[in-house]
Every structure is written in structure tokens, then in C-alpha cells.
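Chemist: When I checked Swiss-Prot for this same protein, it listed these features:
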REGION    76-102  region 'Disordered'
COMPBIAS  89-100  compositional bias 'Basic and acidic residues'
COMPBIAS  145-160  compositional bias 'Acidic residues'
REGION    145-183  region 'Disordered'
COMPBIAS  174-183  compositional bias 'Basic and acidic residues'
DOMAIN    317-414  domain 'Fe2OG dioxygenase'
BINDING   HIS335, ASP337, HIS396  Fe cation binding site
BINDING   ARG405  2-oxoglutarate binding site
REGION    432-507  region 'Disordered'
COMPBIAS  440-450  compositional bias 'Polar residues'
COMPBIAS  497-507  compositional bias 'Basic residues'
Amino acid sequence: MENDPFLRQYQPSELKIASEFLTNWLPFLSKDLCKDCNHLLSNRIRSLDPAHCSNNTDKVDGECKTGSCSVVENMGSERASNNVDDNYDEKSENGEDCDNHSLGSWKGSEIVFGSFPEDFSSVLQSRPAVVETASPRMRWADMAQEDEFDEEEEEEEEERDSSRKGFDASSMKTPEKPKLSRDQRENLRLINVKRKKDFICLERVKGKIVNVLDGLELHTGVFSAVEQKRIVDQVYQLQEKGRRGELKKRTFTAPHKWMRGKGRETIQFGCCYNYAPDRAGNPPGILQREEVDPLPHLFKVIIRKLIKWHVLPPTCVPDSCIVNIYDEGDCIPPHIDNHDFLRPFCTISFLSECDILFGSNLKVEGPGDFSGSYSIPLPVGSVLVLNGNGADVAKHCVPAVPTKRISITFRKMDESKRPVWFTPEPDLQGIEPLPLDLNRSGSTSRFSRLNNHNGTNQRGHGRRGGGNGYDSRGYYNPERSSEHNDSGDWPSSQRRGMPRPSRRNYG
């Protein structure tokens, strides 16, 4: 045993602990073995402890010769091992008490399932490579649609695995778990995305009762925690570049925080957007002669995922975005997005959950404090799609956030409003949604006319693509029985479109 390449990786004290531990587990390990195999296994476990080994001339099934193997004598756990061996052999021959040897059910042994010696626990922690499988697990399977991310993560994982492994893993015959292909993993995540599209808030607009939230969609489960971390890290890197003056002048904006709610930093890509008339007299909208940086590569990866995963239609692929970096107390006042941008558009939330208020008549109660008819919590990693009345009739705002937050809003510019220097991104052309698993829905009629979205790309609420019509044409229809039953998630007052009983204090 002392020449075994596997055992050479361990200290004598560790082998002793392993020997004692496995001796206690011997009844389970030797279950259903014949006496000779049981005896061979017992001797092999005992031989793990070199401090108590002695040369022995006994042979076990002809495997051990004089001086070639050792049997541990006078071990502290010898008595317990022999007892369970005798008891096991006697009962197994009689066909009795077989179930008593399942994990955690040994009545005659001292060990209790779930309890490990402290020394042995430390050994396990110090030897993580021993219990790992030989094949590395891809940490970036979540970004399955992007080959470059998969390859990068595979290389990193292989380097970490190779540095941890101190032995030839191929010598261990560990059964491999069945692997899913990248397409299978992506499809599994795709069909598990939750999509809420039945927001209702009835308000009187121009003398008519309308659902001002018609067209809103909330998609959760689109971005994994790993993907979110990578995106947030990228945003902070861009923020540092902006602060160092390494981005174009109008790309990064960091206003002086002169009052509560006025310190939000922004990063714009694809176009420069003016929220209000500026000092030069430019009206709100896209500034066609102001130059900003193009979309970063990772942001284009996000856009492709939004299209492929049926969050945005392929007829409205975003070509610009704005990143909002909130500090505690920052906010966005009530507004309707300028119609220089087409509908639908979307915003993704990172770092922390916050509420977004909707209503045709939002009120400013104080710095960063607003009230409205309907409040929607935006979970971390969620995507809120604005279309129809939800984009053009109801205003929206973000009250002062209680903690740090990042949001990225992706929008497609009207071609007539694009900057004079703008060039469409080649890798954002011809993106198609991934096929959906029709068997999961139980009805193919829900997915009819999958790519019929020509009505969604309109400017203004007078000619908009039409809220839930976007869903009814079959772009994506989740399992309504589970994902649209929101009685436990949304207060009844919100479902009826009534104001909340009390206004939340965002201070």
C-alpha cells in the first residue's frame, strides 16, 4: 500500500483517520459481499494506517504475499469492527436485518449518520480535489448562447481544476454524470423564465376608463447570478473610465449631488439623449450631432439574449442604451420616454430590488418622494418591458432608492432620429428567437404566428403596436395557470387599479 500513488498524497495522520472512519462504516461498505471479499476489504481498510502496520504472512485470496501487505493490529476500533463483521455475517446468512444496514440506521454500531470526526472533516476541507469529479463544471453555462463566454469560462475552470488536483484523476473510475448540451441547458432555462403580462390598473383617461398598464411585461429568471455579476462588474469598469475621462464627453454624466435624488450617474451608448431643453436650446430627445461611444460588446450580448429569449421582438432590436447608477436616495422623476425611441423598450435591474410607480397622474410629494396608482417591485435581474399604454399613457418613475442600484434601459431609435454619425451594429442584425418547447405548454395554438410582430414598432400611443396584442399574436405565451396566477404576489388594491392604502416612505 505504501507505494500506491494515491496514498502518497496523504500524511500518515490523515491515513489513520481515514482508516478509523472507514472501519466504522464497514458494515455498510461490506453489505452483500461474501466472507472472503468482506475480509479483503477489512484488511485493506486497516492497512491504511502505517503506524500500526506489521508484516504479516497471511494471504487474502492469494492477493497478499509475505511482506507485501500489512494488517493493522491492536487498533482502538478493532473490537467494534470485528463485532459488526460477526453480526453482519451471521444475520446476512440468515437473511435477517438487511434494512438495518442502510445509511443512518445502524443500531449496533457507534457511528451516527451525519456525524464525522472533527479531524476527518478538516482533512476533507483540505483535500477538495479528492471528492471532485474529473470533468470541470462550466460556470458560464448560463451564457450558453455566446461561444466566447463558454470558452473563456472553460479555460478558467480547467486551470483551477488542474491546480487543485494532486493526482491522476483518470486512475479513479468515477462514473460521469450525464451532460446536457449547451442548447439543452439554454432551452431548459428559457422555458423556466417567468413572464407576467396581466398588469391591470384602470384609470379615467380623456373621459374613458382604460387599463393604463396594458402592454407591460415583467420577465424574471432571464439573467443568472453569474451573468448579473459580470454585467455589474462591466458597468463599474465603465464608470471608472468615465470618471477618468476615458469615455467621450457626452457618454458619461455625473451631476453634482446638490440635493436628495439628484446624484444619479448615467452612461449612454449609441446616442446622446436630452431629458429636458439644454442651455443650447435643444429640445428633449436624441441629440443627433452629439457623439457618444458605441455599445460595448457585453451589452450586445445582452441584446441578443433579449431577442433570443423572447423578451423583445426581433422587429425591435435595441441599438442604444442608458445605464443608470443609483446611490442611496437617487431617483428618476415621473416621465414618459420620448418617442424618438420606438416601442417596446425594456429596463433591467441589478444589485437591489426597488419599486417603479405607474399612473396617468403621478404626484411629486417631495425630493425623491412620489405617489401613484400602481407600484411594481423590480426583482434583481428582472427585465421590465414597456409597450402600449404602459409606455405611452401611464407615466413612470423610480422613487428614491434605499440602497445602491444599477439599471440598464435598452431602446431602439427611430431611424429618422438617429445621430448623423450612427452606423448599425453588424452583429445585431438578423437575430431570431430560439424555438420554444411546444410540448411544455400543452397547446400549440398559444404559439401560433410566432414572428408576427410588425405592429409593435410604432411611434406614439396613437399608432402603437398594442400592449397585450403583442402577446395574443403568439410571440410568447407562458403557462398561465402557474405564472399568471398572481393573487399571492400582488395586492388586491393594485390588481383593481386602486391606490395603495398608504404611500411608502422612501426616505
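Each Cβ is built from the backbone N, Cα and C atoms, and glycine gets one as well.
I'm curious about the neighbourhood of these features; can you describe it?
Modeler: Over the domain 'Fe2OG dioxygenase' (317-414) the predicted model carries a mean pLDDT of 97.
A sphere of 10 angstroms centred on the C-beta of ASP337 (Fe cation binding site) encloses 17 other C-beta atoms. In this structure, ASP337 (Fe cation binding site) belongs to neither helix nor strand by DSSP; it is coil.
All chains included, 22 other C-beta atoms sit within 10 angstroms of the C-beta of ARG405 (2-oxoglutarate binding site).
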Chemist: Return the residues near HIS335 (Fe cation binding site) by Cβ distance under 8 Å, restricted to its own chain and a separation of at least 6 in sequence.
Modeler: TYR275, LYS395, HIS396, CYS397
Chemist: If I take the alpha carbons of ASP337 (Fe cation binding site) and ARG405 (2-oxoglutarate binding site), what is the distance between them in whole Å?
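Modeler: Per the Cα atoms, ASP337 (Fe cation binding site) and ARG405 (2-oxoglutarate binding site) stand 20 Å apart.
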